[in-house]
Amino acid sequence: MNIKTALSRIVDHLDLSTDEMRDVMREIMTGQCTDAQIGAFMMAMRMKSESIDEIVGAVSVMRELADKVELKTLDRVVDVVGTGGDGANIFNVSTASSFVVAAAGCTVAKHGNRAVSGKSGSADLLEAAGIYLNLTPVQVARCIDNVGIGFMFAQTHHKAMKYAAGPRRDLGLRTLFNMLGPLTNPAGVKHQVVGVFTPALCRPLAEVLQRLGSKHVLVVHSKDGLDEFSLAAPTFVAELKDDQITEYWVEPEDLGMKSQSLHGLSVEGPEASLALIRDALGKRKTENGQKAAEMIVLNAGAALYAADLATSLKEGVALAHDALHTGLAREKLEELGAFTAVFKVENEG
């Protein structure tokens, strides 16, 4: 099916099949569509609302066209990732949590990009920390093998996304493409914590990942609007485990944490986010640093559970707490910077 035929279907509020969506996405991702067609398609899909079949089709094409990272095993390899777009502008929780997860002995294949709507995306933060981002897939795999954590810069691994970049920017609205990033990890991880910008996406995205072969995934949105677990409010979870999806709410107290305000955790940019994270992963000299540390532990604990290193969310949080207090997470951050610096010399001379 071509994009013109698809558009005539979508404007009549008719869903595309998975195969039809694959056809259209291949057209878009191989440069065969005009910007006007892509913009119209994104807008029509948003107005109709994307079906699970359509999201599965779109994700499968993006995965197919990605520059993949080949790992020795995907067993207990995890990604902590969010759609962004929650408008909260708090520090980079998922990225900071990834270093605690690595410190706990779990392998992390982190996928991320620059900021979508916030002040600091994962790529912006890591760049501020002196981590070199323009790595080849082989170099990312070496980071993961040697440091226990590696970062896959979305725009490097999903070059075909360039064809949709202009229409996305011009529309300035959330579209199908906002939810594709977290579902298209170039290493093909089967264990994830995926934060989303609305609770309405939790179950559908869990179903998409179930169809695509994921093993243990938590798709989450907190009641105070975050695309991650919150200290300040209950968090809604759609959990895929043992090929079953269960939905539930989690309070911080359920996981051995104290509910508290997120005041002081908003940042104006990557440098401020980095300073707060370094304090949280280090000596926690400030009140905000201590609070940030607890937010990090909460989300790292969820990742350790998703990776099956813990048998429950509460046990995962306890493991993350212990890992944070070893100081190893801060060391992992610096180690990744030093390790990627070698690749910068290799790639740029």
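Backbone N, Cα and C define each Cβ position, glycine as well.
Summarising the annotation, Swiss-Prot assigns 5-phospho-alpha-D-ribose 1-diphosphate binding site to Gly82, 85-86, 92-95, 110-118, Ser122. On its own chain, Gly82 (5-phospho-alpha-D-ribose 1-diphosphate binding site) has Ser94, Pro182, Val194, Gly195, Val196, Asp227, Glu228 as residues at least 6 apart in sequence with a Cβ closer than 8 Å to its own Cβ. DSSP assigns Gly82 (5-phospho-alpha-D-ribose 1-diphosphate binding site) to a strand segment in the three-state reduction.
Taken from Swiss-Prot, the feature anthranilate 1 binding site covers Gly82, Asn113, and the record attributes it to sequence analysis.
Around Glu228 (Mg(2+) 1 binding site), a 10 Å sphere centred on its CB holds 25 further CB atoms from the protein chains shown. Secondary structure at Glu228 (Mg(2+) 1 binding site), as computed by DSSP, is coil. According to Swiss-Prot, the feature Mg(2+) 1 binding site maps to Ser94, Glu228, an assignment based on sequence analysis.
If you look up Swiss-Prot, you'll see Arg168 marked as anthranilate 2 binding site, on the strength of sequence analysis. Arg168 (anthranilate 2 binding site): 20 other CB atoms within 10 A of its CB, across all protein chains.
For Asp227, Glu228, the entry in Swiss-Prot reads Mg(2+) 2 binding site. Cβ-based neighbour count (10 Å, all protein chains) for Asp227 (Mg(2+) 2 binding site) stands at 27.
Ala115 (5-phospho-alpha-D-ribose 1-diphosphate binding site) falls outside any helix or strand according to DSSP and counts as coil. Thr95 (5-phospho-alpha-D-ribose 1-diphosphate binding site): 27 other CB atoms within 10 A of its CB, across all protein chains.
Its own atom aside, the Cβ of Asn113 (anthranilate 1 binding site) has 19 Cβ atoms within 10 angstroms in the protein chains shown.
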